[in-house]
Amino acid sequence: MARAMGPERRLLAIYTGGTIGMRSEGGVLVPGRGLAAVLKTLHMFHDEEYAQAHSLPEDTLVLPPASPDQRIIYTVLECQPLFDSSDMTITEWVQIAQTIERHYAQYQGFVVIHGTDTMAFAASVLSFMLENLQKPVVLTGAQVPIHALWSDGRENLLGALLMAGQYVIPEVCLFFQNQLFRGNRTTKVDARRFAAFCSPNLPPLATVGADVTINRELVRKACGKSHLVVHSSMEPDVGLLRLYPGIPASLVRTFLQPPLKGVVMETFGSGNGPTKPDLLQELRVAAEQGLIIVNCTHCLQGAVTSDYASGMAMAGAGIVSGFDMTSEAALAKLSYVLGQPGLSLNDRKKLLAKDLRGEMTLPATDVLLQDGMLGCRVAWLLSMNGSQEADTMKDVLLPGLALAAAHAGDLDTLQAFVELDRDLNLKDYSGQTPLHVAARRGHAAVVTMLLQRGADVDARNEDGQSPLLLAVRGRHQSVIGLLRAAGARLSPQELEDVGTELCRLASRGDSEGLRAWWQAGADLGQPDYDGHCALQVAEAAGNADVVALLQSFKDSVCAQPQPH
């Protein structure tokens, strides 16, 4: 990932409809045409003087200067007709993908303006349709129309344009409420609040505040010089089955009938379900007849495992594990895999078990064994000695391998470094150490081992971030505790804008985020730029759970805001 260069960045904004451009007719909201005309009346979206001086077309707008030497110019392409996102299907998403393909050479990035109700589905589907992306595709929308006095649409759309225009993040993303998510990791979690989306099992790719923080190691790398491939042959006959206590086997049998070709089955907890013989038999028969069933947990966070007998029974019935995929991503992936021609049933199941577009987090053992054992490669490299060439190879490769082991939670590989007396404070190009990576990923066992072996608890990467700050942002409470016990403290620079961050978390009702900052030693009474503190923001927003939490932290009482 790199910051986009050049004096002008040209984007295509594809307006499909959605609440952001809706108008009231007869007391209800309906899709509204002419979004470009609305945006031209808002100075934050258009610099008319620059447009006239450069003779820009009527449908092309230009943002005010994002930096002294760069302009973002964007063309608004309005779909005919506009859609309520509840009516969107694979057919419409194929049209969006093909529109991106037709204009791919003309623009450096794309923004898709979409209704929020099915935006997570759209982002997941597009991520599989668009292979070998070299440019950002950012979906966004709003909970309230953009022309309303109090709307989230302005910040969301402006943020999406800036992220697509200023950064080269070659993925299908979703930007909402100051956060850039990987699209196929998102789900809509609130029907009314502005913080409508979350990414349950992957931190945001970027967070916007006083500064823009990019989680560089999470951003997927572009596939070299490969050309964009658009997969428009998606299988529509896939479905979603949510298990519930006492679900009859007869109902499951009826649901699994043709023309259905694939099913995402939402199970309990870590992939568990009823073990009644008649129900398991229906699932087994369907799988033997060629129906592909993917097991996803209906929990918001966590993953499917085989820790319990009922989970093992599901795997024994021929069901494919969806690991930590969202149901939206699993449906999209199933549609994509079933749409690929010439594959056997076994080949399709293998594809479903692979991480194709960053949609799932595979267990560490699966990651390491996909292309061979990482530990064996490290041991071979560490055993090389005697030549200048070997030493050069070690200097180049060892930091990356150490960070890869920390990322995967691979204690055995890291132990190989220790046994051969290698430095575990190796840094990569961005100043990251294995402790940074393990802290961000939440690998408590790896953090423990690294601390015991002398890892620098106060190491800073090139952005001035400590392992403790990364653990806080990942909300990894066990790791925060380990680092604090080892003497880690947040620096004054890391706490400089903490008041604003705490107020943002309080406004969103994010108790887990607030608890992480408190555990790391932050003063939860720190005010934001307006002089308000998190408790006051939570009270004003009516977030009773957050108010109770903040009041339980005895050192988090704040004074009244100072008058302006």
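A Cβ is built for glycine as well, from the same backbone N, Cα and C atoms used for every other residue.
What Swiss-Prot records for this protein:
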type	residues	note
DOMAIN	9-355	domain 'Asparaginase/glutaminase'
ACT_SITE	T19	active site, acyl-ester intermediate
REGION	41-350	region 'Asparaginase'
BINDING	D84, S85, S86, T116, D117	substrate binding site
REPEAT	141-170	repeat 'ANK 1'
REPEAT	396-426	repeat 'ANK 2'
REPEAT	430-459	repeat 'ANK 3'
REPEAT	530-559	repeat 'ANK 5'
For this session: Using a 10 angstroms cut-off on Cβ to Cβ distances, just flag whichever of T19, S85, S86, T116 is the loneliest among these recorded positions.
Result: S86
Exercise. When you measure from the Cβ of D117 (substrate binding site), which residues in the chain that are at least 6 apart have a Cβ under 8 Å away?
Worked result: S85, S86, K188
For this session: Starting from the Cβ centroid of D84, S85, S86, T116, D117, which together make up the recorded substrate site, report each further residue of the same chain whose Cβ lies within 8 Å of that point, ordered by sequence.
Result: G18, T19, D87, M88, G115, T118, M119
Exercise. Near D84 (substrate binding site), which residues of its chain come within a Cβ-Cβ distance under 8 Å, counting only those 6 or more away in sequence?
Worked result: G17, G18, P31, G115
Exercise. Near the repeat 'ANK 5' (530-559), which same-chain residues lie under 8 Å Cβ to Cβ, leaving out any that are not at least 6 residues past its ends?
Worked result: 499, 502-503, 505-507, 509-511, 514-515, 518, 523-524
Exercise. Measuring Cα to Cα, how many angstrom lie between T116 (substrate binding site) and T19 (active site, acyl-ester intermediate)?
Worked result: 8
Seminar exercise, completed: Secondary structure split (DSSP) over the repeat 'ANK 1' (141-170) reads 14 helix, 2 strand, 14 coil
For this session: List nothing but the largest Cα to Cα distance in Å, as a whole number, among the residues D84, S85, S86, T116, D117 that the record says bind substrate.
Result: 9
Seminar exercise, completed: Reduced DSSP state (H/G/I helix, E/B strand, rest coil) at D84 (substrate binding site) is coil
Seminar exercise, completed: Checked against DSSP, the composition of the repeat 'ANK 3' (430-459) is 17 helix, 0 strand, 13 coil
For this session: Please classify the secondary structure at T19 (active site, acyl-ester intermediate) using three-state DSSP.
Result: helix
